[in-house]
Amino acid sequence: MTKEQFAEVLAAQGISLTDRQKEQFDHFFRLLVEWNEKMNLTGITEEGQVYNKHFYDSITPAFYFPFDQVQSVVDIGGGAGFPSIPLKICFPHLKMTIIDSLNKRMSFLQHVAKELGLENVNPVHGRAEDRGQEAMYREKFDLVVARAVARLNLLSEFCLPFAKVGGHFVALKGAEITPELAEAKKAIKTLGGKTRKVETFQLLEEAGERNIVIMEKIEATPKSYPRKAGVPAKKPLV
C-alpha cells in the first residue's frame with residue numbers, strides 16, 4: 001500500500017487527511033523504523049506493509065464506530081502505538097492514554113508524541129490488571145481500544161474495567177472470531193459488558209481477515225475485577 005493509496009482508501013471512508021496529517025504518518029513511520037533498530041517494536045518495517053498492516057489496520061475501527069463522538073480513549077497494551085497513534089493523528093481531539101507493561105515503549109511513545117506535535121497523549125507504564133483497579137483510570141474512559149493482545153475472554157477482563165458505564169470497548173481482532181465470542185460471552189456479561197456488533201472484513205492486498213468487536217459497558221464492573229496481575233492469564237473467565 002502506497003502513501004497515496006492509504007490516503008485514498010481513508011477518504012473513501014470519510015476520513016480526509018490534511019497535508020499535516022500525511023506528514024505525521026510519514027514521520028511516525030520513520031521513527032518506528034529508527035527506534036525498532038534498538039528495541040523490538042515490530043516485525044514489520046517495509047513502508048507499504050506498515051501503512052497497510054499497522055496504520056490502516058489501526059484506523060479501521062473508525063469505519064464502524066463514531067470516534068468524533070468520544071473524547072477520552074485508552075489503548076490497552078498499546079506497545080508501539082497501535083491503534084492509538086494512527087487514531088490520534090486522524091482524530092486530533094481525542095485525549096489518548098496508552099497503557100503498556102514495558103517501560104521502554106513509553107519512551108518511544110513520548111518521543112513520537114513530541115516529534116509529531118500530538119497533544120493530550122499520555123503513555124502510562126503498568127499492567128492493565130493493576131491500573132484497572134486504580135481510581136484514576138477505572139471507569140474513566142468513553143472508549144477502550146485494544147489490538148490483538150489476547151483472547152477475548154482475557155482481553156475483556158483487561159479492558160472493560162476502564163470503560164465508563166455507557167462507554168464502549170472496541171477490540172481489533174484477527175480471523176476466526178466466532179469461537180472466541182462464544183468463549184467470552186460469560187466473561188463479558190460478568191464484567192458489565194454487552195457485545196453490540198461484530199464487523200468482519202479483509203485487509204487490503206490479501207493481508208488477511210480482521211474482526212472489529214464493539215461492546216457497550218452497560219453495568220459497573222464488580223470491584224473484584226480485574227484480578228491481580230497474572231491471575232486472568234492463568235485462570236481466564238469462561
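Please read every residue number as a count from 1 along the shown chain.
The backbone N, Cα and C atoms fix where each Cβ goes, and this holds for glycine too.
Taken from Swiss-Prot, the feature S-adenosyl-L-methionine binding site covers Gly77, Phe82, Ala128, Glu129, Arg147, and the record attributes it to sequence analysis.
In the three-state DSSP scheme, Arg147 (S-adenosyl-L-methionine binding site) is classed as strand. Classification of Glu129 (S-adenosyl-L-methionine binding site) by DSSP places it within a helix. Residue environment of Phe82 (S-adenosyl-L-methionine binding site) contains 26 other Cβ atoms, counted within 10 Å of its Cβ in all protein chains.
Each of the binding-site residues Gly77, Ala128, Arg147 was assessed for Cβ neighbours inside 10 Å, and the highest tally belongs to Ala128.
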